[in-house]
Structure formats: C-alpha cells, structure tokens
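As given in Swiss-Prot:
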LIPID     Cys8  S-palmitoyl cysteine
LIPID     Cys9  S-palmitoyl cysteine
BINDING   28-35, 71-75, 130-133  GTP binding site
COILED    192-245  coiled coil
REGION    207-287  region 'Disordered'
REGION    318-428  region 'Disordered'
CROSSLNK  Lys329  SUMO cross-link
Amino acid sequence: MFSLMASCCGWFKRWREPVRKVTLLMVGLDNAGKTATAKGIQGEYPEDVAPTVGFSKINLRQGKFEVTIFDLGGGIRIRGIWKNYYAESYGVIFVVDSSDEERMEETKEAMSEMLRHPRISGKPILVLANKQDKEGALGEADVIECLSLEKLVNEHKCLCQIEPCSAISGYGKKIDKSIKKGLYWLLHVIARDFDALNERIQKETTEQRALEEQEKQERAERVRKLREERKQNEQEQAELDGTSGLAELDPEPTNPFQPIASVIIENEGKLEREKKNQKMEKDSDGCHLKHKMEHEQIETQGQVNHNGQKNNEFGLVENYKEALTQQLKNEDETDRPSLESANGKKKTKKLRMKRNHRVEPLNIDDCAPESPTPPPPPPPVGWGTPKVTRLPKLEPLGETHHNDFYRKPLPPLAVPQRPNSDAHDVIS
C-alpha cells in the first residue's frame, strides 16, 4: 500500500513538473549523416538528403522536453560557425562516419577542437557511430580507439556515450533503437543537472550576446572610420580639382517627406545654378570664338598686306618698263629723219657715238620658261569598233581545168518530185 502511494506521488510530482526547453547541437564532418539522423528523429524519410549549407533547425517533443536541434553544416569552410552556438546548447550530438576510416584523423581534430572550447567543456556528449549498415564499418571499440575518445572526455570532464547506428534503417517510431537509446540518455543527463546547466547557459548566453554586440559596434566603428577617411579623401581631391563633387557623388540621405515650399525653393535654386553654369559655359565659348576670329583676322590682314606689297613691286616694274619703252621710241623717231636727210644729200657718214646708257626693255614673256607642249595622248586601249577595210578579191590557188569557168551561168536547180504532191499524181 505504501509503495503504491509512493509511486503515485512520484508520478504526480513528475506530472506537475514544467515543460523544459532544451537546445542540442548536431555536429560532425560533412557526409557523416547528420541531416539524415535529424530527419529520422523527427519522423521524416531520411534518404535523398542534400548537403547542409549553414544550418537547419528541427523541433520535437520528448517527454517533458521541448527539444530544438540545430543541424550545423560540417564543411571545412563552415565549421567556424559552430562556436556561435556553443553558449546556448545543453548537450552535443556528434555524428561520425564509421565507414570512412581515412577521415578519422580529421574527425578527431574537429572533436578535440570542439571539446577544448570553454563553453562546451563539461557538457554531455553523445557520439553516434553512423553507417553501420555499410561493409567495413568500424565497430564501437575501433571508433573509441581512433578518436582517442576516452582521453578527450576525461581531459575536458565531459560525460560521453557512444552508440553504433544506421540513420537510414528507419524513421519515426521505427527509428534505429541505438539512436533512440542515445537520445534518451542525453536528455536524462540534462534533466539530472538541469538547474546547473540552465544557470550556466543563461550566463554564457548573456556573455555571448554582449560579445556579439561589442563586435557589432566595433564593426560599425570601423565602417564609420573608413567612410570618414573616404569622405576626407574625396574632399581633398575635390579641392585639388577645383570642384565640389562630393555632394553630387555621395549625397547624404535626406528625409523624403519635406514641406512643399522647401522643395520648391530647393528646385529653384538648382535651376538657377544650372542656368548660371550654362551662361558661364556660353561666355567662355564666346570668348574663345572671339579670340579665334581676331587671330584669323590678323592673319588675313597680314596676308593682304603681303599681297599688296607684291603688287606694288610688280607695278613699279611695269611702270619702269613702260618708261624705258617710250624713251626708246622717241629716240628712234629722232634718229629716222636724220638718216633720211643724210641719204638724200649723200653726205659723208657721221660717226655716231655708241650710247651706253640704253637699257633693253625687260620682256617678262621671254624670261618666263616656255611651258612644254604636252605630248599627244596615247591611243585608247580597249574594245572598239574595227575599221572597215576592203579585203582583196579571193583568187583560186591553182588553174582550173575548164577555160570557160568564169562567167558561165549555173545549171538550173533540179527539184525532185515529192510524194503526194500535184506533179506526182498520175491519172491512168
């Protein structure tokens, strides 16, 4: 009677216990079978599972526990995120591929690094030696020896349980009994020291959040300093270039909801600045065009002066030539009557002194080199109409045998009778 009452009191006490929320981590190398194990525990079919990128989360109910399992990716590049989940975990499920003996050393290094972390040391560890259905899979003792598991858990004071299993052998209620047994053991250890673990996890979670907030502030401060340095460099560059392109390239974010009057004033100011810039550009273009026209005018005037000077020199030469020609004509006219009178009177010839001051007129046409006459154009080359030529009369190569060959009329043309014609018809 007393034993029945004691058992009823124990059952009533357990029934009055509140539901406890527990967070577990499922880690291991890639392709170890973590996601298949988690799906089997949840009651889903564990085959055709894709590799986990990042993490996946499953929720399930086990007795008085609401269990949340974080399935973390096991790739070498993603193992660095494991430490971000250590603070809030009550225990760890480490899945090992017992059929891959070549990666046992890598598995040992990953497990050792995890157990050395201060936020994991002292928490219970469940090791699942998965893929026992494959040929050549290591047994429980071999896995313990390859991983030096006994040494690791004693060094870091972690309660440990190893279970050989196969995640794809069943799911839901038909899940592998070793997986179910190991999960019950892990929850039992957590329930036994739940208060101490809960206090430790609350403390470590607070520290983790404070550390994350501090890192976030440090990142924001680094970003702010980088932006300030970039802004300062842009200002210095704008001052060197003589332009203030900072406001245009990286404008400060403004409130989109502004009074319409301020928006209108701002737009009018922008339009005035644009008009002013356009006017300055036009003025600069006009000054440049004016300088160019003045330069061209000066060059044209200099060319005209040069041509005028040449024309003046040529005019002086022409005037001098005309004066010399007129003087020679006058002298010839004065000399002609004297010669006629001398011939008429038949006087003795007078000796005339040779005048040295006479100047021959300058004949520009004689001085200019005669332009050579261009050679006649070559006969056109190409197709053309041939000239009409009369060919000689053809003669026979030898004497004919008949003397009366030439001019003899041809005999009449004999037309043979055709059948069925009028001439061929004969009436008897």
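Every residue, even glycine, has its Cβ placed from backbone N, Cα and C.
Worth saying up front: this structure is predicted, and the values here are computed from it rather than measured.
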Least surrounded among the recorded positions, given as Lys34, Lys329, when other CB atoms within 10 Å are counted: Lys329
Cα distance (Å, whole number) from Gly75 (GTP binding site) to the residue listed as 'SUMO cross-link': 122
Neighbourhood of Leu72 (GTP binding site), C-beta criterion under 8 angstroms, separation at least six: Leu25, Met26, Val27, Lys34, Thr52, Phe55, Ile78, Ile81, Trp82, Tyr85
For Gly28 (GTP binding site): intrachain residues, at least 6 apart, with Cβ closer than 8 Å: Lys34, Gly74, Phe94, Val95, Val96, Asp97, Thr107, Ala110
Leu72 (GTP binding site) - helix vs strand vs coil (DSSP): strand
Sparsest-packed of the listed binding-site residues (Asn31, Gln132) - C-beta count within 10 angstroms: Asn31
Mean per-residue pLDDT computed across the coiled coil (192-245): 86
Other C-beta atoms that fall within 10 angstroms of the C-beta of Gly75 (GTP binding site): 14
